[in-house]
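Now, the feature entries from Swiss-Prot:
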type	residues	note
BINDING	T14, A15, G16, N128, R170, S210, Q321	UDP-N-acetyl-alpha-D-glucosamine binding site
Amino acid sequence: MSNQKHIVLAGGGTAGHVNPLLAVAHVIRELEPEADIAVVGTAVGLERDLVPQAGFELETIEKVPFPRRPNKAALQFPAKWKAEKAKVRDILTRHQAQVVVGFGGYTSAPVYAAAHSMGIPIAIHEQNARAGMANKLGARWASMIGAAYAQPGLKPRRGVEVERVGLPLRPAIARLASDLEHDRTATRKAAAAQLGVDPDRPLVVITGGSLGAVNVNRAVAASAKDLLAHAQVIHLTGKGKDDEVRSLVSVSAGEDVLGELGPDHVSDGDYRVAPYLERIDLAFACADLIICRSGAGTVSELTALGLPAIYVPLPIGNGEQRFNAQPVVDAEGGLMVADGDFTPDWVRGHVPELLADPDKLSRYGANAWKYGIRDAAEVMAKRVLALIDQPAD
């Protein structure tokens, strides 16, 4: 009889779902090189490219969003749900799945339902402080529930507890966390050389993700003169938003302060502007303070790296991003400011003062590190593999 393990992982749509999934998949492969690992996703999410690039097989189904109001989509939901669940059953059968691992999102829900109907053990990971509908469904049947937060609002079945394991980190961030723990100064110097910044001076990194954060961009750029009195700046604006930021910086501090990133730009001005940085781990390696949104992935990565941050939650939905940042703020690992309050006056009144107090920044960083978790991918992978050998319940 073959001892090959058969694992199916589910999730996708956004990088927030795909990256943790791939982090766990990579560790499973390291622990079980001969394992058959497949991923269920959609043909339209980021997983379409990222999963095959990572060397894993992608099986696609259609998104089946849960209906939230009585409309045409709600009427069509039962038939679509039945069809996609049947597709998933076929996928699980073909791959001889011994365990299913879901990371939330529309893709996960029919996978949970199909696995439950087939008696296949289920593990789930919830990255947000407030769980989504798919994982709330899966939690009813799961044998193992890992989460980035202690109380994400899941109701497990009897005998199962929600375990705060942290967020499985992208390989680049996991490597950086290890390097910082080993030698923070050397890691900072090496990264600074690649970016063209001075490793011996404070650095603020502003990022709103790949799409940017317009209000954050404007408030910070309009305060450039005040920030540059205390630190260098790397401002990652988001696609198509760098021209406006450069204009605002020029008004605040003059064109001469503007610069670009890279080893050939060492003599540039101290306010470096770019739409995006592929190797954001390099910026994190040099940073003394981050100004950012508070998506679950961002918060988990920054705390894993021990980086103090000013979190400006995206003002949408039910305030999910605020819930993500709150535990870190409670642990004194950073500050949180409402988007509407994050104005140029707020920046000028608070950020220079913080930059002028390295002891406070250091305390924030130490508290962030203490709150952060760096081994989530390993813990999840081992717990998933253990479910295969566990007697059926």
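Note: Cβ is positioned from N, Cα and C throughout, glycine not excepted.
On the structure: features taken from Swiss-Prot.
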residue : record                                        : DSSP (3 states)
T14     : UDP-N-acetyl-alpha-D-glucosamine binding site : coil
N128    : UDP-N-acetyl-alpha-D-glucosamine binding site : coil
R170    : UDP-N-acetyl-alpha-D-glucosamine binding site : coil
Q321    : UDP-N-acetyl-alpha-D-glucosamine binding site : helix
Here the binding-site residues are T14, N128, Q321; which one has the lowest number of other Cβ atoms no more than 10 Å from its Cβ?
T14
Of all the binding-site residues given, A15, G16, which residue's CB has the most CB neighbours within 10 A?
G16
Would you count the other CB atoms within 10 A of the CB of R170 (UDP-N-acetyl-alpha-D-glucosamine binding site), including those on all shown protein chains?
21
